[in-house]
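**Student:** For reference, the structure I am asking about is given below.
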Amino acid sequence: MNTLVLKIDAILSKHLKKQLAPYTINSQNTYVAFAAKKNGVTVLLYKSGKLVLQGNGANALAQELNLPVAKTVFEASNNSQDIPIIGSDEVGNGSYFGGIAVVASFVDPKDHSFLKKLGVDDSKKLSDKTIQQIAPLLEKQIPHQSLLLSPKKYNELVGKSKPYNAISIKVALHNQAIFLLLQKGIQPKQIVIDAFTSQSNYEKHLKKEKSHFPNPLTFQEKAESHYLAVAVSSIIARNLFLDNLDQLGQDLGYQLPSGAGSASDKVASQLLAAYGMSSLEYSAKLHFANTHKAQALLTK
C-alpha cells in the first residue's frame with residue numbers, strides 16, 4: 001500500500017476540495033480540515049496544510065488531481081513510532097478450540113518507557129505465564145478496545161451459507177475494535193493492522209460492514225514485531241483468548257488445548273463421546289478439519 005505525503009498551499013487546497021467535493025467523507029480527527037475517498041484512496045487534508053493520500057492507487061490519483069507528485073514522500077515502509085499509533089491484532093483464529101480475540105490499542109510515544117520496562121514484545125515470543133502477568137497492567141494503563149467472539153457465535157456466523165468466512169469475520173472484528181476505540185475520542189496519527197490478508201481483500205470485505213471511519217490503514221506483516229501498539233494488542237488478545245479457553249474447558253470438564261493439532265483431535269473426540277456435537281458447537285470452530293478427524297477417531 002502506498003502513502004503519499006505532500007505540503008500544499010491554500011490555493012491548491014481550495015482547488016482540491018472542489019475536485020473531491022462529490023467524494024467527501026466524515027472525519028472525527030479534529031486536525032483534519034477535509035477528507036475524501038476516491039478510487040479506493042483515502043485523502044486527508046490536515047489544517048497544517050499537510051495532505052495524505054493512502055491506498056494502492058495513491059500515485060495515480062495524485063496525477064489525476066495534478067498534485068506535485070515529485071515532491072511526495074513515500075512512507076509505505078516507514079514504521080516510525082514517534083507518533084501516536086493505534087495497533088490491532090487477533091489471537092485464536094488458528095486454534096480449533098476457543099474463540100477469536102481482537103484488540104485495538106492506542107500507544108503514545110510517552111508510553112514507550114513504561115512498555116519497554118515491562119518487556120513488551122511480540123507476544124508470540126512470550127510465555128503464557130508472562131503474558132498473564134503483563135496483560136492486566138497493559139489493560140489498566142493503555143487505552144484499548146477488546147472484542148471476543150465466542151466459538152458458539154463464531155459457528156453461527158462463519159461457514160457455508162453463512163454471512164462470513166474465516167477472513168471476512170476477522171475484517172469485521174478488526175474494523176469494529178478500531179471503530180469503537182476511535183469513538184472514545186482517540187486521535188492517532190497512524191493505524192496499523194497486523195496483516196492477515198491483502199489490502200484489496202480487506203477493503204472488499206469492509207464494504208459489507210456498517211461501521212466506517214476515514215482514517216487510512218497501514219497493513220504490516222508481523223506488525224507485532226515492529227510496532228509497540230500492535231505488540232500491546234497481541235498480548236492483551238492472547239490473555240483474553242487464554243482466559244476464554246480456560247473457561248470453556250472448566251464448563252465442559254476438559255482441558256482444551258490451543259492450536260489445531262492431534263491433541264485437539266483427541267480431546268474433540270472425547271467431547272463427542274461424552275456430550276455429542278453440541279459440545280463442539282459450544283467450544284470449537286466447526287469448519288476446521290479437526291471436527292471430521294475427531295469423528296473418525298470416535299468410530300475406531
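Cβ coordinates come from backbone N, Cα and C, glycine included.
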**Student:** Among Asp194, Asp243, Asp246, which residue does Swiss-Prot name as a further divalent metal cation binder in the site formed by Asp89, Glu90?
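**Tutor:** Of the residues offered, the record points to Asp194.
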**Student:** Neighbour count first, Cβ atoms within 10 Å, every protein chain included; then name which of Asp89, Glu90, Asp194 tops the list of binding-site residues.
**Tutor:** Asp89
**Student:** Taking the centroid of the Cβ atoms of Asp89, Glu90, Asp194 (divalent metal cation site), which other same-chain residues have Cβ within 8 Å of it?
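**Tutor:** Counting only non-site residues, the set is Ser88, Val91, Val102, Val103, His174, Ile193, Phe196, Ala223, Glu224, Val230, Ser233, Ser234, Ala237.
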**Student:** On the 0 to 100 pLDDT scale, where does the domain 'RNase H type-2' (83-300) sit on average?
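**Tutor:** In the predicted model, the domain 'RNase H type-2' (83-300) has a mean pLDDT of 94.
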**Student:** Please report the DSSP secondary structure of Asp194 (divalent metal cation binding site), reduced to three states.
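**Tutor:** Looking at the DSSP assignment, Asp194 (divalent metal cation binding site) belongs to a strand.
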